[in-house]
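S.K.: Submitted below is the structure of interest, expressed as structure tokens.
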């Protein structure tokens, strides 16, 4: 049997038909370098703009009590890890809770200070899970669903805290503010109802031929549609895990807000835990708006000032102390994130960029 030959007279390998040539090494190397710069640059900007003399001064004023603040954040991050771990279903047996905690810490550090925000952090989570043998669809679904339950539980707490503040200060709250809070509560409840109803729909689409996306807008639309379908499937067939993740994320937000409460108590203010929840949720919402700013420079500080004014604390010294102590906590967790990354690499369990680009 005669074999086909190419124009040079050499036999053609039929097994190579239709296959793409391997990516050049320099392209992979370029991607790794660019990704590392994109991750480290915003974190470097944040550290560069930190006044360490003021940080040390405020830390010396708080003293050993600063460990209480760190303890609350450890507990909050652990609850957030459990909320994600639940979404992995039976695949969670392939990874320990501690290792998932480290992966989440690395990815959340990147997402917090990178202009891509949670998108970049969630893509990194997906890459970091690959070496553990977790099925790709379950891995991506767990990341998407855990992000959904985190947002839903956060919106619930924002509405509850805002309504509580309005009720607590009813006699001193202007009518416009009361109306605004009422609208916020209605929107939050309405969004929950509409979104959950959307998740209950299976959305079967007949036997239509799938279209190949040709533009960025179509590709983005198809990717969003895929994420929604993943969430729908998870909600329909694994409601228990969905609501468990929701509950753990609600606890994650509540415990995390104790940080604000403790700082103000250390400064001599008589506040309640609900004040802490309101302050923390307000700052997180404000930071989400300014997520595109590299290193989040100035965003959290402005958010701290606005939420403190909302509960009647207007002293500049208090705002400055709160901002510095919260920045101390952020610096601590940046260091933990870097150590976690080094540890994961050193154990040769994770190879961050060995799978190429995370954008498929």
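Yeah, the Cβs are placed from backbone N, Cα and C, and that goes for glycine too.
Nobody curates TrEMBL annotations by hand; they come from automatic prediction.
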S.K.: Select from 148-170, 217-239 the stretch of residues annotated by TrEMBL as transmembrane segment.
M.R.: 148-170
S.K.: Using Cβ atoms and a strict cutoff of less than 8 Å, what residues sit near the transmembrane segment (176-196) while being 6 or more residues removed from its termini?
M.R.: 152, 155-156, 158-159, 162-163, 165-166, 170, 235
S.K.: Restricting to CB pairs under 8 Å, which listed stretch, 68-88, 246-267, 306-325, 331-347, is in contact most with the transmembrane segment (148-170)?
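M.R.: The stretch with the most contacts is 246-267.
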